């Protein structure tokens, strides 16, 4: 009875009632395939009702698409379903197809314009979900098609641009709308034969259009401020737009400072107050500018720096108008201790209770006191800065220099001492450097023990990075005012205290000063220590200089012993300069036996370095063999050597290297005996050019 629709209907309803989704869908499909197409209208309502109730819309969408192939006139039903499940992109595509189909007749009795209006609402209100259509082109197409409904369509286009964030296009659309209305009005006027100059409505429209074009930047700024009224940058831009209109500028500044919440502000809100006061100042209204600054100091800013900047700008305004006493009064008021003290970084307290610890305000007050105040008032300001523990090393140095300028030398040294107590290394480096230099300049060798104590105090805990400068200053002091042996002891300590990369330079200075004070013979011990502690690269240089010095003193045997010692750290393939120097030395001062001995040492050193290289190679080969686990042979050919070089990588084998005595001195060759599974393997030659 597969041709009987009643049986299929009952069967499908049974499947649906049992909530068997897949079996129900397949049963509906079988029914549609079995029944003739004239009976399909009896199945589809049940199938669509079943599809609408499915938890996932994908199956229902596919069912609806098949249904529309049979009944395209029911597209509105599919569009309503798509909108209900949030598939707005496909809903817009289907609705656009319906609108463009001239033969489509709405079952709900909607006109083509009503469908256009629905489409415009759908795409303009959901710009982020409708992505497959060119919305602007569709709405503009409606503008040419429905000329009697321009207002609604233009509003839809503007709504779309607003929701998309394209505010400049909103303005463009508005301008085009006004322009089209003016063009239509002019056309109507010319058709009626009226004089355009007498048409008040046309003149009004033209004036409105002109005003719109003029106000474009202001309108755009208004939109951005409505989005974020706490945007400081946009308020500044708005003020610039009103340039030449003082009343509007004042109103804008007033609205800005009343609207912006400093805690939510984007940018620096204090700049609006400062600019507002500067506006009055530029217009020679100082009393109004002072009023603005006074109000600005009472605002609860987010950062202490904002309030500090307001106080400093307030003081600078008074300085520009030469009201020096007023400027001092303002900054003293700013730094006054509040009734309720608070820590600088305590965000739970208002900034007015924390600004007394702002270094920016104190620094400006100190500068003003130095320029305009008395010695005592300036000293009191610096002392207060140090007591509040907000001083920087530069403030300490400025204070000491100020005291020194007024001939209060001991007080300036006390200021340095207070700064040293405040800071640790490395921040205290500049203070120590200035303090020691000034102390030596002042007293020279008169208070030698005191300055020695200062140097020892400075060097206690001094990082190696900063030790060199202090040690050199210390040694210079001992050379000029103290004892030479003390200076040598300082240099000795410096060679161990400075950073490793500075030791070579320190030894050079030590040797030079020792030679100038005690003579070159006193430098032997220094050279020996330098060779012991310096890395090979610098030790070689020291050896060459040491040997050269001995040879100049006529100590040939000493020089030869130094060359012999240094040869152990000089690979002939790398340090050809050393061997050439030694060779020239032997040519000048030696004989055949000493030259032969030098060549023997050179061969021995080369063999030592070759053995080290071969040992490293065997270790690498062994690691490779263990990694691969196979006994494979690798052959490499070196040009420039008739023997060639064979590298044999054998699993679990031992490689024994022997120097081949039969080869000439120009080649350093080795025989490799490879043993594998107790069987002898033919030997291979390992060779390389002498200087390779």
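Each Cβ is built from the backbone N, Cα and C atoms, and glycine gets one as well.
TrEMBL: automatically predicted annotations, no manual curation.
Keep in mind the model is a prediction, meaning the values are calculated, not measured.
Per TrEMBL, domain 'Pre-mRNA-splicing factor Syf1-like N-terminal HAT-repeats' is recorded for 1-73. For 167-260, the entry in TrEMBL reads domain 'Pre-mRNA-splicing factor SYF1 central HAT repeats'. What TrEMBL records for 262-628 is domain 'Pre-mRNA-splicing factor Syf1/CRNKL1-like C-terminal HAT-repeats'. Sequence annotations record features per position, and here TrEMBL assigns repeat 'TPR' to 308-341.
Mean pLDDT across the domain 'Pre-mRNA-splicing factor Syf1/CRNKL1-like C-terminal HAT-repeats' (262-628) comes to 83 in this model. Look at the domain 'Pre-mRNA-splicing factor Syf1-like N-terminal HAT-repeats' (1-73): DSSP puts its residues at 59 helix, 0 strand, 14 coil. Break the repeat 'TPR' (308-341) down by DSSP state and the numbers are 24 helix, 0 strand, 10 coil.
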